[in-house]
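As recorded in TrEMBL, the features of this protein are as follows:
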- 201-641: domain 'Myotubularin phosphatase' (DOMAIN)
- Asn336, Ile337: substrate binding site (BINDING)
- 541-562: region 'Disordered' (REGION)
- 547-559: compositional bias 'Basic residues' (COMPBIAS)
Amino acid sequence: MLGLGSGGVKSSKPSFVSYVTPEEIKPERESSRKEKHPDLLPGEVVFCSATHVLKYTQDDASQRGVYGTLVCTNFKISFVSDETPMEEMPQLFKNKLYGENDIPLTCVDQIYGVNDEKKKLVIGGQVKNKSPSKLVIYCKDLRVFQFCLTYAKEEEAKKIFQGIVHHSLEPKSLKCIFAFSYCEMTAAAPEQSTNQKTIMFESKDEWEMEMKRTKGNCRLATANENYSISEKLPQFFIVPSAVSEEDIVNSHGKGIPIWCWSHHSGCALFKMASLPLPQDDSVAQLHKKYMERVYNAVAQNHLFSLKTEDLSATLPSVQDIQQSYNKFKQYFLIDNITEFWMSDMKWLSSLENSGWLDHIRQCLTKAVEIVECLEKENTNVLMMEEDGSDLSCIITSLVQLMMDPFFRTLSGFQSLVQKEWVAGCHSFLDRCNHLHQRDKESQSPVFLLFLECVWQLLQQHTPAFQFSETYLTVLSDSIHVPLFSTFLFNSLCQKDSAMKFESPEAQRNPLTFPTVWDWSLQFDCKAQDFFTNPLYVEKPKQEKASRKTHRPKPIKHQRQLSLPATPFKSSPRRGFFKEETDSLKKILLGKRITKWIHSPEASALTARDFYQSWQRKPLDYHGLLLPCLDGPAIRVWMQRYLRWIPDLQIFGGGSVSIMTKIWDLVTEIQVLRDELDWCTSNLQFSNQKREVCPKFSARMSSSFPFFSSHNRSFKPVIPTSLLQSMMIGGTLVDKEDEDTEFLGVV
C-alpha cells in the first residue's frame, strides 16, 4: 500500500558500474589541507573533530557517500563536506541554528557501532578504547546518519567517537546544557524580538485577563508567590472562589483544584494533583473530609454540579506511552532501504500493533467525553492525576482546542501551551531526558502525544486552524533543541532559579533564556510564512463585533427557587427558602457529584453518539469541533515520520503541490484586494507582494519543505514484494519517464 502510493518519477540508472567498494579505495586527501569547521553559534565551542570521514547515503547497497570532517561541539554533531558546494537554488526553509548535516546533542536518540558487519548498541560510560569502523546515529527527529571512520586517522577516529558518545549519551548536569553558554554570550546583545501576542502566564495580569476573556467565576491565588509553598506550582494560578489562601498553604501543593477554562454557560474545567494514598484509617478519614471540601468548592462554581475523573485509571501511563512510541518509531528510523521495503507488506499492521495510534484515539475520546459534559450537560469537570502535569495537560489542552476558537489561532495555540504545559509545570527536562539520565522511568513523549492529537484535529478540520502542519512538525523538532526555556525545565521555579544563580553576575545581569516562540532565532520571515494555514477561515470582523453572549436575566422573585450559578454567599438576611435551599444543596451534593465509571467500550460509544449528534448540525469553524474517532480516521502523521525516507517522496506531487497552488491564489487575491483599496481610497499602490511560496511545485518533494531533493535514492520505488512478483526470468523491462531528465537535476 505504501509502496504503491510513494510515487516519484523513476530516475535513470547510472551508466557506470563500480566493482570496488569504498573500503578498497584509498582516499586521496592532502595532509596539508585545512580542517573545516561548521559555523558556530555564540557560546559554541569545538570539542573534537576527525577528517576523512565518509558520510553514507541511505542507499546502503551502492555504498555511496561524501567525504568530509566530523565535528562535535557543545551544541551539536556536525558534518562538513570536503566537496566544493555547487551553485544551488536558495533554500526557502533553512534553520539558522543547525543545518541538514547537524545533530543537536539532545536530539541524539541511539548510537550504534558497526564492526565486521555486526551492529552493536553503544551505551554511554561503557565505551572501549577503540572506535568502530562505522557509526550509525539515530535522531529523535527520525533522521539517520551513517559515518565511516575507516579512513580517518586512528587517534582522530577514537577521539571523535568517544567525544560524541560522551557528550550525547552520558549523564550531565543542567548547567552543561548549551542554552547556558549561549545566553551568557548573548546577555549583552540586543534582546530578540518576541511574539508579543503570545501570553506567557507569568504575571497576575495575564491570568486575570484570561479569566475575564472566558468570563470565569473563580479567583486568583497568590499564596505561592516566590514559590513559597510548592516548586511544582506556578507563582500565580486560579482556583474556585470557595478555596481560601489558607487551604492552599495547608495543602503543600497537592490536592489543589486549579482552574483551566470556563464555558460560556458558567461551568468550568479544573485539574488537580492527587493526594498521596493514606496509610492508616485516621489519615484516610482526613483525606476523605478534605476531598469532600474540594468537591464542594468546585461544585459551587456552577449549579452545584461536578463530575470527577481519575486519568491515571483510564488513560495509559507515561511508561506505556514511552513503550508504544519506542515500537512505533522503529518503523521510520531507516538506515537500510532494502529492509524497509521488505517490511512493506506488514507495515500498517505493525504500526497498529505498536499501540501508539490507539493512545492517540484514547486521548481524543476522553477529551470528547469532557467536552460533552461541559457543552451538553453544563457540568463542572475535575480531572485528577498523580502529579497533575502529564495526561491532564493533554486532555485540558485538547478540550480547549475543541471548544475555544482562540486557541486554534497561532498566537492562541502558543498561549495554550504556555498556560497548560509551561505554567502547568510539565516536566519537560525529565520527560525529554535532556540530561541523559540512566533512569528511563521518567522519560516519555507526552508532549509529542499531544501534538499528534492536535495534528488529527488539524487534518479533519483544516479551515478551523490558523497554523499549519509544518508548524506542528517544526514545534516537535524544537523540543530537542537545547536552547529554548520552553522545553528545558521541569517547572517555572527551576527556570527562575537557573536564571538567578547560574549567571556569573546574577544580581546585575540574570540570564535571559529565549523561548521557542521567538521563531526569528530559527527561521527568517519567508520561512515563517509556512507556519500559516492558507485554508484558514478567519472570523469576519463584523461578526467579531456583533457576536456577544446573551444570558437570560434572573427573575428576582424566582431567584431562590433554583440553585445559583455563582458561589454561595450568606445572605444579609434570612431568605424565605433559606433552610429549604440548604437542605436541597445537601441532597444535590450526593447526586450531582459523580465519577466516570464507564468502560472504554462504553466511553467510545458515548463519544460516537455525541459526535454524530454534533455532525448533524451546521458546521461552524469558529464553534465547537469534534474529531472522528473511527479506525481509518486516525492517521499517521506522514510529514513528520516519512519526510527523511527518499524512496517515499513524490516529486512534484503530494499535498504540498496543492498547498502551493493555494498559496499562489492567496497571494493573487491579496494583490487584488490591495488594488481595490487603492481604487477606493485613491492612494498610491505598492506592487510589492509577499512571496509565500515560489511557483515551481513540480520541483518540490511531497515532504517539502523538509526533504532535500539531492539526497533521494536511485533505487526503484516499487516495493520489494511487488517487484519480485513482477520479475520474469530475472529481468524487468525498464521504461524511462519523459520528466526523468528534468527532475534528475532537481
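In case you wondered, yes, glycine gets a Cβ from its N, Cα and C as well.
Just so you know, TrEMBL annotations are computer predictions that nobody has curated.
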Note = In this predicted model, the domain 'Myotubularin phosphatase' (201-641) has a mean pLDDT of 85
Request  = Provide the number of Cβ atoms within 10 Å of the Cβ of Asn336 (substrate binding site), excluding the reference atom itself.
outcome  = 15
Task = Please report the number of other Cβ atoms within 10 Å of the Cβ of Ile337 (substrate binding site).
result = 20
